[in-house]
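If you look up TrEMBL, you'll see 18-121, 126-215 marked as domain 'Ig-like'. The transmembrane segment annotation in TrEMBL covers 223-246. Marked as region 'Disordered' by TrEMBL: 259-303. The compositional bias 'Polar residues' annotation in TrEMBL covers 271-303.
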Amino acid sequence: TRSLTITSLDQSMFEKAQGEKVTLPCTFELSEEDEGPLDIEWVLIPADNQKREQIIIMYAVDRVYNHYYASMTGRMQFTNLDPKSGDGSLDILNLKASDTGTYQCKVKKAPGVQSKKIQLTVLVKPARTKCSVEGSQEIGKDVTLKCVSQEGSPLLSYDWRRVSGTRDLPAVSVLNKNTGELLLKNASREYSGTYSCVASNRVGTDECSVELNVTPPVNTAGIITGAIIGTLLGLAVLCSVIFCFCKKHREKKYEKEVHHDIREDVPPPKSRSSTARSYIGSNRSSLGSMSPSNMEGYTKTPYSQVPSEDFERAPAQNPAFAPPKVAAPNLSRMGAVPVMIPAQSKDGSIV
């Protein structure tokens, strides 16, 4: 019995770049014996066999259904607006790396059923490629030029070329196309110049460049000597600042202590002696007004209690002390009765 057949069997694998468009072919021919309704399905077969097939678009009963696969909504459509004419090919727009997979076209018209599988690989072009120099750019040293792309599907290939001066790479250079490293051994001044790296894969290329400047060796001894001298000078300045600060602090502390110190060799204030004198004078002046009746009470008061500095000292400390005798006032002129005036003897007693 003759049944429908799929005629697009020439290509079953496609490689496209991200962002591009791909058309997955699926043309067919119907048979006169196929009398049932036409049904066309595109499904995505997952890499994991444990998962079920996912319908992404379908044509049935003269109508298109394309809401089954959310990640491709708005990016896929039938190539022919009327798939029943024999063309059930699928267009996928703005390809993404996640679109990589196996797609199957199924055409059904009872009693005939046919299918075809197509492998789609979405590759990412090299992008954001960066060049750099690793190692000391000194004469006689080994220098490595590095090139790496931040984006890009494997397998990426790297190639270096010289832009300035001679176009050829140095004879002693070693290139690794897989890692993008260019090793320049025993560098000389002639190696200086601009170098360019081209990263590529099956769907595109990207490029970057770097400047190499080979210089004579640096005088490390002079640098070390200068660093040592600078360090010593810095330490000297720091020590001087600390010394001055400590010295000033000690001077302030000493001035403060001297300000509050009480010296023992400083004589007492004169106000005490003057107080004692005024006290004695007041007592002497009062003698003239004393009568024999009140003289008795006065003689009982110890004369040694007079607040005088000389009387406060011990007799042993003042061997030459001789208290002055107080002359008796002329009572007859005052109209008073003569009285005896007490006097202090050398041993300190009252007579």
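Glycine is treated like the rest: Cβ placed from N, Cα and C.
Note that TrEMBL annotation is computational and uncurated.
Using a Cβ-Cβ cut-off under 8 Å and counting only residues 6 or more beyond its ends in the same chain, the transmembrane segment (223-246) has no close neighbours at all. Secondary structure of the domain 'Ig-like' (18-121) per DSSP (helix as H, G, I; strand as E, B; remaining residues coil): 9 helix, 49 strand, 46 coil.
Each residue of the domain 'Ig-like' (126-215) gets a DSSP state, and the totals for helix, strand and coil are 3 helix, 51 strand, 36 coil. In the predicted model, the domain 'Ig-like' (18-121) shows an average pLDDT of 91.
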